[in-house]
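Going by Swiss-Prot, these are the annotated features:
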{"type": "BINDING", "residues": "C300, C360, C363", "note": "[4Fe-4S] cluster binding site"}
Amino acid sequence: MGMTMTQKILAAHAGLESVKAGQLIEVNLDLVLGNDITTPVAINEFKKFGVDKVFNKSQIAIVPDHFTPNKDIKAAEQVKYVREFSNKMGIENFFEVGEMGIEHCLLPEKGLVVAGDVVIGADSHTCTYGALGAFSTGIGSTDMAAGMATGQTWFKVPSAIKFILKNKPAKWVSGKDIILHIIGMIGVDGALYKSMEFVGDGLNYLSMDDRFTMANMAIEAGGKNGIFPVDDKTVEYLKEHTKKEWEVYKADEDAEYDEVIEIELNTLRPTVSFPHLPDNTRTIDNVGDIDIDQVVIGSCTNGRISDLRIARDILKGKKVKKGIRCIVIPGTQNIYLQALEEGIIKDLIEAGVVVSTPTCGPCLGGHMGILAKGERCVSTTNRNFVGRMGHVESEVYLASPAVAAASALTGKITDPELV
C-alpha cells in the first residue's frame, strides 16, 4: 500500500523508505517555532537538559506576537526572558517588535518554511504551513525544548482523510467558508490525529491566502495537520518569498485514506460558526437576526493582504454602524505597509474602523478588543470557545472577512451580497 503526502514527508525525515499509520518514528526537524507565551516554558525545560547550545541557530524561530506590543508588566517580562535567551543562544530568527507579525503570517512571508519541510511549533495553529506543502503541527513547550536541543522529535504517523474539492466557489465564498463548512460537516473531532489532505480541481480557484486559512483551521477539526499539494501557485509563492531549496512530495496513487470526502465548492454559501464550538455552523441564509457589538478582522487565520482588501472593498465609502466597534489587525508589518501603500488603511479608517499593529490580541482574549459580559463579536479568528475573547458570558461568531465587514455596516450578522 502506498503513502499519503504527509506520510512521504515524514518517512523522508525519518530516513525510512516507508511508514504506515500508527507507526512511531523519530524525525529530523527543519524548523522549531515558539512565541511569547509558550517559549518561556520551553526555555525552563531546555535548561534542565544540561546543554549549552541549540541544535541550529538558523532553524529556530521565536515570534513574540500574542501580547505584542507588551500589554502589561508580565508580558514585558516574558518577552525580555525570551529575548535574553535568544541573544545568548545566537538564535537568528527572533523577531523584535519592529519586525512584528503574527507568527503564522510572518514565517511564510520571511521564507522560513518551504515545501517538504517538517515544522513543529509550540502553538496549535502551526498546521498553517501545510498550505506550502510542508508537514507542520503544534506541539507542547516540552517538545519545543527537546526540538531546540536535538533538532528531532517523535511522531505517531497519522492516517488521513482526503478532501476532493470540486468546481469554482461563488463570489463571497472563501477559504474560510470552505473550512468552516468542512468542520461543521465532520465535527471538531472528525479528523482527530489525522492528516487532512486537500486535492481536486477546486484548488485552481483557491489563492495561497485561502489555503493558509484552511490549513490553519485543520486543528479545529482535530487534525494533526492540513496539507495541500504543491502546484504552480505554491511555487510562485515560494519563489517570491524564499531562497531556500524545497522538495515536492506527492501522495501515491494507491495511498490509503480513512475516508474520502467530495465537496462541490459551487454549492457552498458563506458560513458562520456559532458559539461555542467551530463545528456549530450555519450558512448565512440561516443565521437569523443577531445583533452584534464588535467585529474583528485579522489573526493568523485571516489577517493577510487579500483579507484586508476584501474588508476595504465592502467598507469603502460607507460607515461602520454607530455603536459597533470594528477592529482590523494586519498580520505582519509588511502586510500593514502594503495596506498603507494601497490606500486600504485610509479607506478603513474613514469608514470608522480602528487599525491595530500586528498582534494576536483579541483572538485569545489578550488585548486590543476584549469582550464584556453579554457582548457578541463577529470575528475572522479560529476559535469561539466559552470566554475565548473575553468574558465567559460573551459570544464569538466565526466568519470570513466579507461577512465580518458586512456585519460591521449593519450591526447584525449579514450576507455580504446585501451591502
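Just so it is clear, glycine is given a Cβ too, placed from its N, Cα and C backbone atoms.
Other residues of the chain with a Cβ within 8 Å of the Cβ centroid of C300, C360, C363, the [4Fe-4S] cluster site, are D65, H66, I102, H104, H125, G298, S299, T301, G303, T359, G361, L364, T381, N382. If you draw a 10 Å sphere around the CB of C363 ([4Fe-4S] cluster binding site), it holds 27 other CB atoms from the protein chains shown. Counting every protein chain shown, the Cβ of C360 ([4Fe-4S] cluster binding site) has 31 other Cβ atoms within 10 Å. Using a 10 Å Cβ-Cβ cutoff, C300 ([4Fe-4S] cluster binding site) registers 26 neighbours.
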